Amino acid sequence: MMKLKEMVEAAEAKVESKPPQAAEEKAPDQAAGGAEEDVAAAPAEGGEGAEPLDQAEIEKMLFDESLGAQEYTYEEFLDLIDQPPEERGEAEDERKHWSYPRRWKVVLWNLQIQNYMDDNFSAFMEFEFGGTREECKVHKGTSVLIYATGQDKNYLRTPVIPDVSNAGPVDMHFRKAFEYRGSYLDLEREKLKIKVWEYRNWTLNHLEAVYEEALLNLATGETHVERDLYKFIKGRRSRRCRISFHLYFQELYDFELSFVKWRLVQIMPCLTLQEKIANRGKNKGGYTREATIGFKRHQLADQAKYVFQQRQVKREMQKRDSQRELLPGASRPEMLGGFADKGSARLSHLGFESAMKLPNRGTRSPSGLESNRPEDGNRNMEEIFLQHQATILASDQLEELPASLRPPLSKRRKGEDKKDGNKADGPQVKMTISLMHASSMNKGLGLVSSERPADGIPRWDNLGEIYFRGTLRDLDSTYIQVVVEDTTAPKVMRQIGYGQIPLRGVVDYSCLSTELGTPMWLALQAKMEGWGHELKEWCFGFVEGTVMVAHLPRYRQLGEVSESDSDRVYLILRIKDVDQIVTPDNRPVVDSYVEVSFDGTSRRTRTVRNTLNPVWDDEVTIPLRLPAFRDITESDVTRKGKVWLDVWGTGPGYVDHLGGCSFSLYEIFFNEKHNKRNLTAMQRIDLEANTRQSYETRVFSTSRRLAFIHKADRPSTIQFEAWTCPDILEVSGIDKLPEPERITTTSNFPRALRNTYERLKRMYAEVIEKKGLVNPDTGVGPPRFFDVEFLDQRKETHYAPTMVTRIRPPFGVDSESSVFHYCRCVPFAVKRENLVFTPEFAVQIRSGNAMDHSILMTSLLLGLPAFAFVCVGTLWDKHMHAWVATFHYDDDRACGVVKFWETTTGLVYTLKHRFRDPYTLQRLSADPEFGILKMMNIQRRKRLSILGVSVDADTPDYISRSGEDLVQSEFPTGGAKLPYRSLDIMFNNRNVWLNIQDGNPAKVWFDIWDVEQWYQFSPGLHDVPPCFIVRGFGAKVAEWQFDRAAQEIQGKVLSDITAFRATRNLPTKWNRDDVLDAFLQMGLELLHQAATARDEDFQLARLKLEDWKKAFYSKVPCSYRVRGAPLHFNTYDSKTISDAIIANVDFVESRDRSAFFSLAVMLYNLPGELVSTYVYICVTQKVTERERRRILAQKEKQSREDAQRKARKQRRKAGHEGADNGAEDKQGAEGNEEEHGDAAAAAVAEESVSAEAVQGAEEPKKVVKKGAVPRVKKRSYEQVEGTEVAAIAIERDFFTEAEAPDFKNLMTDVEHAINTHLGLSPGRVRAFQARYAEKRIVFAVGPPMDDATEADAVSSVALMEKLRDILPSMAHEEGRFQEVTGGGATLQWDGPGTNILDRIAQEQATAGEGEQQTSEGIPTRDMQVDGTAVLEEAGEKSDKKKKKKEKKEKKEKKEKKEKKEKKEKKKKKGGETAAEPEEASAVLAPPPVPAPAAAIPSVLLPTDSEDGEKEKPKEKKKEKKEKKKKKDGETDAEPDEASAVLAPPPVPVPAAAIPSILLPADGEDGEEEKPKEKKTEKKKEKHTEKKHKKKSETLPESETTAVVTVTPGEEDETSPLVPVPSSIASSEAPEPPASTRVTPAPEPKAKPGLSMGAALLAVRARSRLQRKHLAQQLSSSSSSEVSASSASSLSPSSSSSSDFAETRAKADALRARLQAAQARLAAARETEVSSSETESSETSEASFLSSDGEWDALWQSQRAAAMERQQRLQKMVSGVKAAYRRLEEENTRLAATRRRDDKLQRQVEAERERAVELLKEATRRAKEEKDLIARQPPPARDWSDTVVLSTPQIFVNSQAACAPFADSGRDEGERDEWYEVSDACSRRAESSNESRTTAGAKLRQQQLDLAGRT
């Protein structure tokens, strides 16, 4: 055989490459299994297009059985014979699986041959099916022998067909059925060999062609086999003929069918059926008996059966009545009526009553509907319900109540007699399952269940097993018959339901369900009584269950087998052709087939490949679920619906719907004139009996135009024929069928809903209008989507709940996450038309948009079951969108949870606390399947209560509790940031709910049972059937194809990435280690488990995935890093996956030459030929130093952000108690310290983790730049007319953070958040300032554009007002805006036309003036409290320098004014002495705005007053002398400085008596100096710096402490900010000379009080006070109350003079000791070596300090206390600043409120004035009219002078007048306040009827008189 193949290839190589003839086709590729190529020989037309072969080659190509035989030597042939048979598998069970001999059923029929040559020949064929016979050429010596090995199994031969021409296919009249035996390995070894022979008379037959193919290809291929046979003649390979046949080749298998989890839903017991029969309507809206049925009058069998049935029923009931021992006078109808009454009473707990009485509520005025205010919403709903009460009550019918809501029948009480013989208290049901239409070996198989109570839902967890023997085709064609019986009913009437369920596809989708049909006895009774058409609207319940198939055959044959059984009815269609295929993307060729769907099942034709003009000529057979022939009724036929034909196109990686059409069964039996069609003779084949049978039937032949789901201009037409086998009209006796009704939206609705559907739609539209849901000024605004009808793929309009139904998920999809994953595996597509696909169509076409995925997912979730809904709304771009919502009850938090499942992105949004009444949700979620009905009943009861319908007080607990204990909150808060702009409606398979709350889904309460929040479209509890039939999900992708796809993906991705990098001159290295591949695949498997895990298993799956990540990263070498990308795809197309990886994975283009790539692929096979593909690609590369630093910096930044976010969450969780108690600075400081501590700890932890992320990396030095955040960051903006500028006050303090945020991103985030929540387009909002120090973000909202949309057309003022309301909730929503604001934000806006920048500038100006006067009450420079100095930070110093430069210009301008003012004051007061106290009092005055830092009584007092103190000439001379002394003797100054540093604090003074007085350290807060004085000051500073450098060599570590050094000889202008005693601070005194200064003696212990610097300052102030005569200054300033009070509060103590003397003496002693110490230190320094200078100085210093132990202890304690006070002061300062800012904001807010209130007050006053003007105008007009009437002539005296005013009533005449206050609820006898009006005087009218009659007569007489006069 191999030699033959080589010969053929050599011959083809010699053929010249010329275009082939039209009649020639290329030979198909040979299949696997060693089959040889088809060869044939025939003379073509002249042999054109081929080169003649050599004669020697032609002689070798003998067409006999030895053609292509293998050649062996004799020894090789012997070895071939002795070779043992092949085995496969390692374990014994696996070897047995492959080599076990099996039975296969083979049927070959419909064999045809078509001649492609011009010559006619008589043909016959031989088939060798299986066998191992093989011919071999054996070289034995010089001869060549032909030997045959193996054996034949099945040999078939057809009859001879004469004169086979090329006119068309010729039937060979051959049909054969037999059994083949062989193992799975035999299918691979053995072949089917077909030989085509030409029959010749009087000579040998001629072999025309030979065909071979492995049996495995036939066992896995299609049933329709079509092959072309070729042969060589005259050197040309031409097509000889084509053979086609049907081959049924499937394994006989023993299937174990397990029936588990079966139940009955909404069944009606026998008594309920009898009650419904008794109460049924008489021919309501139906056809009459004669018009619909038209029975043959000679059908006596049915009449006899009916009479016998009624007799049996009567006899059974009489027997039961006698057993019950009825009371005298009690008859059966009365008992039945009593049962009905009791049943109605039991239904009353749900609010259903057969007769509902409405109280006389009177008529409501429709004017109440015109109000659109929110507070009138409930009133509007009540008015709408009252107006449409007839519609609501008409659609709410008791007779259509789903049986699932019916209450259980009353059970027998204890003590009641059981003589009736019943085994149970209530109705008991049982179910019988049997196989129908099965093969002869399976007939009689069935199961009978045990009895269950009929109340509720009868369930059977395990019914048993049935062992079915047959092929997969036999199992698919089998139906199971389900009969439900009520064992307590009479024997004749026990059957209460009947159904047939096809087992087609049960091996792939094990869930079965069907609607129960009419019982046989009821169908017979309705047929004989003439109301059979009414049964179409009756629902007898549903049966559901699961059939598990334990084991399956390995191989499965594709295609259909057209076979009919004589005991059932079939619908047969012969699909001919389609004139032209129109594809959506204009494909040149396509593989197509036709699928026929009818009666809950579908069949398909064979696939015609590579053509746009397919010709099938194939028959499709569909079994019909009908009872026995004579039991078929008219309703059984009409309720079947339409027959649909769909043309599908398939190819590698795509499925297209190429059009569809439909017809009805009525068209098969009747023509266009409604006459019966003629009978036509047809034939059918019985494969089991291998016979052909003839029958007569009516044939419908037509052509229909296909309807497309895509837009197409070209038409496409399909031709087909249809008939039934046998003819239904003949076997059932039905003479006439009703004409098919036009399919509408309400065709399958229950009667009550169908009759009121249009009115319900009008009511729905009215609710939308009255609620103002489409009003652009309220709520979210348009566009909104409230449609309750959708257009499906067949261009039919359907009610939204009919698009959803309960679908049991396929096996393995058993959780909400797995359902979500399965739906996302359906590819997404963009539709050209607005069509909605049904779930089964979306799975079949394997594509859809968000709406299709949401409907599919909701249907699957309902089948779990779950509380699921389809949500329809809009995205932020205002496009329509759909997603899925599920309701859950959280037992831990005792709250309701809503989950939004976004199918497009794969994200799940969880919203907690979204139910005001979680208790009701808890009760309803316990039964998700039927809890929705109970929830609808709650809403129904509320609606009926509005209508005034009496409801029984015995209400279930879950209904009575609804509405109680509600969470009184306007909107829910918190939750994830949603991508949805509005939520408009929700629907599932039960109803549609309209959202009448706020449109934003984040602000919606999901208590859909509350009529005030959700409007229910359909008031009744109707069970609406779906508009489609659930047919399962189909098979999975074949295993061999699946395995090959995985290998193709991996190879394609490797080659494409390598080629892609090669185009960029980059090398690619792949790590193909087996261990690594297995480990990566394990990670993908864990990822899939986490994506599909149940809620209770999710944490475990996530933990396993985290452990895998840690193990993976732990194997990374040092100084290397790994970057990976896990990707998911819903296809196995290798090109699509490869292109997506290259486009989306950035590190594919990595230029690092040390990079190694790794790849892993994992595929999951899902039902419906869906695939879930996971790909993980990673790269390992060496990390450079620059890259390492960048990575660490990014991780450090991320760690800081995480720490800050964590701290903010902790603050929000703990509350804002510090903000409420702002005056308590100590608590605020502690809180700030804790926050910084948490942030620092988190940052350190994250930093350590980041350092470990890169192996072998060194930790970089952490440099934190203080003061990096500016106070204000700005950018430009354009302010036009109509722009509103405002600010957002945030809680986050950016100014205190280490790094400044990205200003551009910050502004973009703010703009995006405002635009998103206001629904504005980008560019309308402009954020342009970030005032970090003030915690404000300034933005502007521009005016609307001319061509703006409806949402953008809103004015800026309205947007600001709306933003004021929603801004706090925006800050609470998780997202970027929450991070920016810190969880809290308020709007600062002063009203229309204002600019917040003006307000900010005013605040800054006010703050600047207060700073000059009071320094804001907060110290901002180096300050000293209790001897401890607080040094300002570097960032503050830099800011101070900038401020100094900015303020210099302002100060110079003020300087001139101040000088003039000082001169004027001197002239007025007569001298400097009189002016000084006033200046001091002005400085000591409290600030205008009270600061919250009351606990820190800091009062600013400059050493030299800000107004400038003019000293006397004598004093100036003294100062000059002191300066000279400084220059002459530095040794005298140094001890003074040392004493100032080392001096202990003086005698402690109580803090309450001596508050700290802060003195400014420089000219910024003190006196402004002259230019000359500044120069001298700079010289002094340089001089002191030099002295400090010298002292640093001699002094110990005193300068590292926070103690301020005071130089005794310095001027007051340059003295630092220090606290002074209050006794000295109230007045100014001249500085004492240096000789008078006394240093106090050291104390043994450190005590709180004034430091040494304060003591020296006190001495200096004391001497100045003495020289300036303190008594005279105080007496001169006694007139000022403020200064007097200040002086009294700061008065010195009585013992101050003695303390000063002691201090001076101690200072002198200390100065002497310091001089001696300096001398010793200088000597020691000279003796030390230069290399150990520092060491010797420390030793000498230590010896000096150790010379006095008390000094050392005192110094250490003083240093520790100073540091502690410094830290405490910093905290206090920050607290004071924060409190001051809060007070400023509060004052600003109060001012804005006052301005707004004033504006409103002005508006009210204006309205009041306008109303007064209108009142005056009305009074004037009334007076004019009255004068005009007075000027008319008076009437005659006999006229009546009274007119009666009454309330409006309904009268026959027109005497009633309209009163201003109408009361329609009063009766005629209850009228009051009637008055008679006569000559502008009124009095009470008489209420008697006589006075009314008299008044009426007078009025009529007046009218007559007036008529006569005119």
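Glycine residues also receive a Cβ, built from the backbone N, Cα and C atoms like all the rest.
Range annotated as region 'Disordered' by Swiss-Prot, chosen from 222-241, 302-321, 442-461, 1822-1841: 1822-1841.
Within the set 1-54, 109-162, 919-972, the record from Swiss-Prot flags 1-54 under the feature region 'Disordered'. Confidence in the domain 'C2' (557-678), given as mean pLDDT, stands at 88. Look at the domain 'C2' (557-678): DSSP puts its residues at 13 helix, 55 strand, 54 coil. With helix defined as DSSP H, G or I and strand as E or B, the compositional bias 'Low complexity' (1712-1722) counts 11 helix, 0 strand, 0 coil. Per DSSP, the secondary structure of the compositional bias 'Basic and acidic residues' (1192-1205) breaks down as 14 helix, 0 strand, 0 coil.
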